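Colleague: Quick one: the structure is below, and I'll ask about it shortly.
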Amino acid sequence: MSDMRLVVVGAAGRMGRTLVKAIHDTPGCMLSAAIERPGSPALGQDAAVLAGLPASGVLVSDDALAAFVEAEGVLDFTMPEATVAFAGLAAQARIVHVAGTTGMEPQHLAKLEAASRHAAIIRSGNMSLGVNLLAALVRKVAATLGTDWDIEIVEMHHRMKVDAPSGTAVLLGEAAAEGRAVELAEARVAVRDGQVGARQPGTIGFAALRGGTVVGDHKVIFAGAGERLELAHVAEDRSLFAQGAVKAALWGRGRKPGLYSMADVLGLDKF
Ligand SMILES: NC(=O)C1=CN([C@@H]2O[C@H](COP(=O)(O)OP(=O)(O)OC[C@H]3O[C@@H](n4cnc5c(N)ncnc54)[C@H](OP(=O)(O)O)[C@@H]3O)[C@@H](O)[C@H]2O)C=CC1
Ligand SMILES: O=C(O)C1=N[C@H](C(=O)O)C[C@H](O)C1
């Protein structure tokens with residue numbers, strides 16, 4: 001089979017550059033185009049050079065549709081509005097869309113769901129094996145322990161991160177809520193400031209720390225009477241997210257349209 005032709009959107013970003021490098025390092029796929037927004041200073045630059053590699057001849061462009069019709073998959077770690085637009089274009093072009101963008105609101109997710117009627121979309125707030133395994137563990141622990149065990153999720157990221165809580169924290173919160181058979185939207189407490197009163201039983205709390213160059217730390221705390229269980233994940237390098245995204249694209253090749261998760265890709269859905 002020929003190498004899978006992949007487009008990276010947001011190619012000049014932190015993840016975009018890491019994705020270009022991961023495609024270069026992974027057998028079975030190739031970079032077919034690199035996209036940035038109109039007016040970006042990266043336009044016209046060689047995407048591989050931006051990623052610290054020798055020149056590839058793939059120059060950053062702002063014509064996403066032209067790139068998508070010549071490709072089989074797109075790797076998208078950008079912004080929610082952009083990801084919704086790219087999902088629509090991926091649906092038009094009938095190519096695999098790997099959506100790693102976080103900070104997605106219900107209206108964005110609804111549009112992604114609509115686009116997934118025509119394209120295989122793999123979406124996850126975290127593309128690493130470790131976090132997706134952690135989510136499965138959190139679901140089990142939450143299902144085992146009663147609501148007399150309080151659940152708090154703490155995350156820390158670099159100072160440039162624009163959304164909070166992180167997509168991973170939300171993913172872990174959803175796993176905990178699922179384990180307890182409740183809706184996260186009903187249980188979630190993401191802000192505490194001032195005289196907020198005592199903790200409501202059954203709630204799932206979030207705390208977001210920002211600073212320095214932290215790649216991504218997550219801890220799920222189950223706090224009971226006189227004892228605490230803590231499950232944690234530390235991402236040491238962005239390349240693990242990029243490798244997961246490339247793996248997802250290869251997994252999605254030839255797959256029927258639908259909205260998939262990294263648990264599907266990694267075979268953790270039955271865990
Ligand atoms: N699921 C996962 O495993 C992971 C998810 N992420 C998520 O990925 C996203 C990106 O993170 P990061 O790389 O650090 O952020 P960056 O800001 O470094 O990169 C985002 C890139 O996307 C570009 N972009 C934004 N809008 C558009 C558009 N309409 N068209 C083309 N390009 C666009 C930005 O350009 P400009 O600068 O001009 O706005 C920028 O180059 C975040 O939501 C983050 O949380 C990150 C790591 C792992
Ligand atoms: O913005 C980041 O950097 C990261 N974002 C994702 C998130 O919001 O969880 C994944 C990872 O933690 C890095």
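Each position is counted from 1, following the chain as shown.
Each Cβ is built from the backbone N, Cα and C atoms, and glycine gets one as well.
The active site, proton donor/acceptor feature in TrEMBL is assigned to HIS157. Feature annotation from TrEMBL assigns active site, proton donor to LYS161. According to TrEMBL, the feature NAD(+) binding site maps to GLY10, ALA11, ALA12, GLY13, ARG14, MET15, GLU36, GLY100, THR101, THR102, SER124, GLY125, ASN126, MET127. Under the heading NADP(+) binding site, TrEMBL lists ARG37. The (S)-2,3,4,5-tetrahydrodipicolinate binding site feature in TrEMBL is assigned to HIS158, GLY167, THR168. According to TrEMBL, the feature domain 'Dihydrodipicolinate reductase N-terminal' maps to 4-127. Feature annotation from TrEMBL assigns domain 'Dihydrodipicolinate reductase C-terminal' to 130-266.
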Colleague: Can you give me the average pLDDT across the domain 'Dihydrodipicolinate reductase N-terminal' (4-127), rounded to a whole number?
Modeller: 98
Colleague: Which numbers of helix, strand and coil residues does DSSP report for the domain 'Dihydrodipicolinate reductase C-terminal' (130-266)?
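Modeller: Result for the domain 'Dihydrodipicolinate reductase C-terminal' (130-266), in helix, strand, coil order: 52 helix, 36 strand, 49 coil.
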Colleague: Which of the recorded positions HIS157, HIS158, LYS161 has its Cα nearest to the Cα of GLU36 (NAD(+) binding site)?
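Modeller: Closest by Cα: LYS161.
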Colleague: Measure from each Cβ of the recorded positions GLY10, ARG14, ARG37, HIS157, THR168 to the atoms of ligand 1 and list the residues where some distance is under 6 Å.
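Modeller: What lies within reach of ligand 1, judged by Cβ under 6 Å, is GLY10, ARG14, ARG37.
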Colleague: Applying the rule Cβ within 8 Å of the centroid of the Cβ atoms of HIS158, GLY167, THR168, what extra residues of the same chain belong around the (S)-2,3,4,5-tetrahydrodipicolinate site?
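Modeller: Apart from the listed residues, the neighbours are THR102, GLY125, ASN126, GLU155, HIS157, LYS161, ASP163, SER166, ALA169, GLY216, HIS218.
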Colleague: Would you mind sorting out which of GLY10, SER124, HIS157 (the recorded positions) have a C-alpha within 10 A of the one on ARG37 (NADP(+) binding site)?
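Modeller: Those near ARG37 (NADP(+) binding site) - Cα within 10 Å - are GLY10, in sequence order.
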